[in-house]
Structures are given as structure tokens and as C-alpha cells.
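In Swiss-Prot this protein carries:
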type    : residues                                                       : note
BINDING : HIS111, HIS115, ASP304                                         : Fe cation binding site
BINDING : LEU134, VAL135, SER136, GLY137, GLY138, ASP167, GLY180, ASN276 : substrate binding site
Amino acid sequence: MLVLGLETSCDETGVALYDSERGLLADALFSQIDLHRVYGGVVPELASRDHVKRMLPLIRQVLAEADCVPTEIDAIAYTAGPGLVGALLVGASCAQALAFAWGIPALGVHHMEGHLLAPMLEPKPPEFPFVALLVSGGHTQLVQVDGIGQYSLLGETLDDAAGEAFDKTAKMMGLNYPGGPEIAKLAEKGVAGRFTFPRPMCDRPGLDFSFSGLKTFALNTWQQCVSAGDDSEQARCDIALAFQQAVVETLTIKCKRALKQAGMKRLVIAGGVSANRALRVSLEKMLGDMKGDVFYARPEFCTDNGAMIAFAGCQRLQAGQQESLAISVQARWPMEQLSAL
């Protein structure tokens, strides 16, 4: 089965072609980072308009790279949520229009299920069951995964997502958007031990997260430095390191608890923050000590992309899931509502 995948949930326009027998044939991505950087964050209206501008050229590019014509495509998968409604509607409308014109089905895919399954595009994919850490700008969740569509929520953030905390902390210190990579870059030059940040909700049982207090702690630390006349680059680096260490250790502690609770030794990390090198090193060490395994997608498939949507859609269509003819998107969409295969 050959599936065209379209991703437009936020500020990346992603298109890909995935074949159930040959694997990923082509993928293309346009990031709107430069468009939104001047505003310090994503502007939904601008995001939607840019998706309209980029979608068809990217589809043509992917078809050309794969040496494919529309008559060879068996189905279209598109992101139906969660995400920005206007942005989602661009992808959904395009998918349904092309599906009608080409006489093929179009299936709405859950954005976070796409992220969760992205490591399965790698040469050594994880086997079910496993525990997944979904960590991005909009989500921080621990999920027990027994199969596609068989998801049990173990824990989630009670306020800010980890990626959101990275971005907001970076913005407080005057760093560029998106803040996550900027924090990680500065942390490499930070001096360990100058600042000690708390590990939120690690001093009590449970698998939920909270990052708003950590963000406030970072703000107060930065303001104290500025008040003392130290708004230097080194101060930013030291705060970035302390902040990143706190987030990474918190995520690692919770993942270890989740694995023990589920009785598993396989961990999948997915979402934009899963590209963070310090997080990968920490989780690899933890799983190594447990004699377990950790899986993640290649860096370009950690952030939003069309490949994960094409793959997830292909799995569901092959299992017999029927497409909906309605153009329906959801800004909020709990993964537990997805049907099991």
C-alpha cells in the first residue's frame, strides 16, 4: 500500500510517501521558524496561510523525488489533530480534495500517534509492548503501548509541557525562537553546580509532571543575575545547563518509575524534545543499567513531519480502518479515544 502523508498541525508543512513494502520513498518539510521568530512564537493565522502556500509544491516535490504519479497512490493520511484548527483544516481539506479527485480514501491521523510510531521507521524498530514518553512543545505524557491504538495513559503534565518550558525559559533570557535548541546549545558551555534547580514532583509517588514552577524558578534566577549586574552570556549558559539538567533528570526519574510500574524494559521517546542529546544520553544510561532498550526516531523525524503521518495512516488502513468522508479536525484529542487495531 502506497500512502501520501500530510502534516500541518502547527508550524511545519510536511509531506511524505510511504510504501508498506518498500518503506519511506520520499519526504519533504518546510519549517516556518523564520516566519514566526520575529513574534517569539507561532501566530496561528500566519501558520495557516503559509501551509496553503507550501502544500501543493511540496506534494509535487515528493511525487517527483519518488518518481510517482497520483494513480499509483492508494490512500492519503493527514493530521486531524490535536493542533491549531486553522492549520489542521488546510491539510484536511487538501487531503479530502485530492482523495476525491483521485478516487482513493483519506484518513485522519492523530498527531501524537504519528510521533509515537515514528521510531518504527528506523532499521531496528521497537516491538510491542513498551512504555512511551511523548515529550514536545504541547505534550508531556507517559503512555503504556500494547499495540497500535492500545494506549493507557500513565502520567502527564499538569501544566506546561517540557518543550513549552524550554521555549518560555529561553524567551525570558532573550534567546531566539524556538528556545529548546537554544537552551541545549548554551547548556554545552554551562558550568555545572553554579545553580541548583528543583526536580518537580519527584519527591512524591506518581507519574505526573509539572514544569511551570521550574520555569518560574529559572525566571527568578535570571532576574537575580540581572539585578546583580550579571546578564552575561556565561550566566545564560549556566542557567541553561541547570534548567536542562532539571528537566532531563525529572523525565528520567519518571520514565524509570513508569517502566517498573508497567513491568517493562522497552522505552520509546518521541516528540520534538526527544531530539535533545542530554535527554537521550540520560535515558540510554538508565535503560543500560536496567538492561533494557530505548528507541527513538532520527533527529529529523523527532519534530513534526509527513513521514510519521504516512506510516501511521498506512498501519491503520492496512488493518481495515475505514476513512471518514467528513472534513473533521480536533484541537484537543486524547489518544485514549483512538480505536485499537
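Note: Cβ is positioned from N, Cα and C throughout, glycine not excepted.
Here the binding-site residues are GLY137, GLY138, and the one with the most other Cβ atoms within 10 Å of its Cβ is GLY137. In the three-state DSSP scheme, VAL135 (substrate binding site) is classed as strand. Taking a C-beta cut-off of under 8 angstroms and a sequence separation of 6 or more, ASP304 (Fe cation binding site) has the following same-chain neighbours: GLU7, SER9, CYS10, ASP11, GLU12, GLY14, LEU29, HIS111, GLY272. Here SER136 (substrate binding site) comes close to HIS115, ALA161, ALA162, GLY163, GLY271, GLY272, VAL273: these same-chain residues lie at least six apart in sequence, with C-beta atoms under 8 angstroms from its C-beta. For the recorded Fe cation site, residues HIS111, HIS115, ASP304 set the reference point as the centre of their Cβ atoms, and the other residues of that chain within 8 Å of it by Cβ are GLU7, SER9, THR79, MET112, GLY114, SER136, GLY271, ASN305, MET308, ILE309.
HIS111 (Fe cation binding site) is surrounded by 28 other CB atoms, counting those within 10 A of its CB over all protein chains shown. DSSP assigns HIS115 (Fe cation binding site) to a helical segment in the three-state reduction. Mapped onto three states, the DSSP output places ASP167 (substrate binding site) in helix. Taking each of the binding-site residues LEU134, VAL135 in turn and counting other Cβ atoms within 10 Å of its Cβ gives the largest count for VAL135. The Cβ neighbour count for ASN276 (substrate binding site), using a 10 Å radius over every protein chain in view, is 26.
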